[in-house]
Amino acid sequence: MKFIGLATLSLFALASADKFPVPDSITVAEGSSKCGDQAQLSCCNDVKYGGDTTVVQKGIAAGLLSDLLGAGSAAEGLGAFSGCSKLDISLLIGIEDILNQKCKQNIACCAKSGGSADGDLVGATLPCIALGSIL
C-alpha cells in the first residue's frame with residue numbers, strides 16, 4: 001500500500017514539474033537580458049505546450065526547410081502562455097533579486113507588441129517562449 005502511495009506521489013511530482021525550469025541562481029537582470037530588447041520578461045500563471053511531433057522524411061531534400069520554418073523540435077519552448085504579468089526591472093528594489101523568488105509560476109519572454117486580439121476578426125498576439133528553453 002505504501003508503494004502505491006509513493007508511486008502516485010512521484011508521478012504527480014513529475015507531471016507538475018516545470019517543462020523548462022530556470023536555474024535558482026538566475027537574477028531578474030540576467031533573465032531580462034536573455035529576453036533581449038524585443039521581448040519582456042514575464043511571470044505567467046498557466047502555459048500549454050503543443051504536442052511532440054515525429055516526421056518521417058523521404059527523398060534527397062526532404063525536411064531541408066522544416067527546421068528553418070519552425071517544425072519539429074525547433075519549436076520547442078513555444079507555448080500558449082496565459083495570465084502573464086511583466087517583471088519590470090526598474091520597479092524592483094534590488095537589481096540582484098533572484099528570479100525564482102519573484103516568480104513562482106512559469107517564467108517566459110513575451111514579445112513586446114501593441115497588438116491585441118480583442119475586438120478583431122483575425123486578431124493575433126505574439127506568443128511567449130519559456131525562459132528555461134533559451135538558457
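Just so it is clear, glycine is given a Cβ too, placed from its N, Cα and C backbone atoms.
In Swiss-Prot, CYS43 is paired through a disulphide bond with CYS103, chosen from CYS35, CYS84, CYS103.
Here CYS84 is paired by Swiss-Prot through a disulfide bond, and of CYS44, CYS109 its partner is CYS44. Under DSSP, CYS103 (disulfide bond) is assigned to coil, being neither helix nor strand in the three-state scheme.
Candidates CYS43, CYS44, CYS84, CYS103, CYS110 (disulfide-bonded residues) were compared with CYS35 (disulfide bond); those inside 10 Å Cα-Cα are CYS110. A Cα-Cα distance of 10 Å separates CYS44 (disulfide bond) from CYS109 (disulfide bond). Neighbours of CYS43 (disulfide bond), defined as other CB atoms within 10 A of its CB across all chains, total 19.
Cα-Cα distance from CYS43 (disulfide bond) to CYS84 (disulfide bond): 5 Å (rounded to the nearest whole number).
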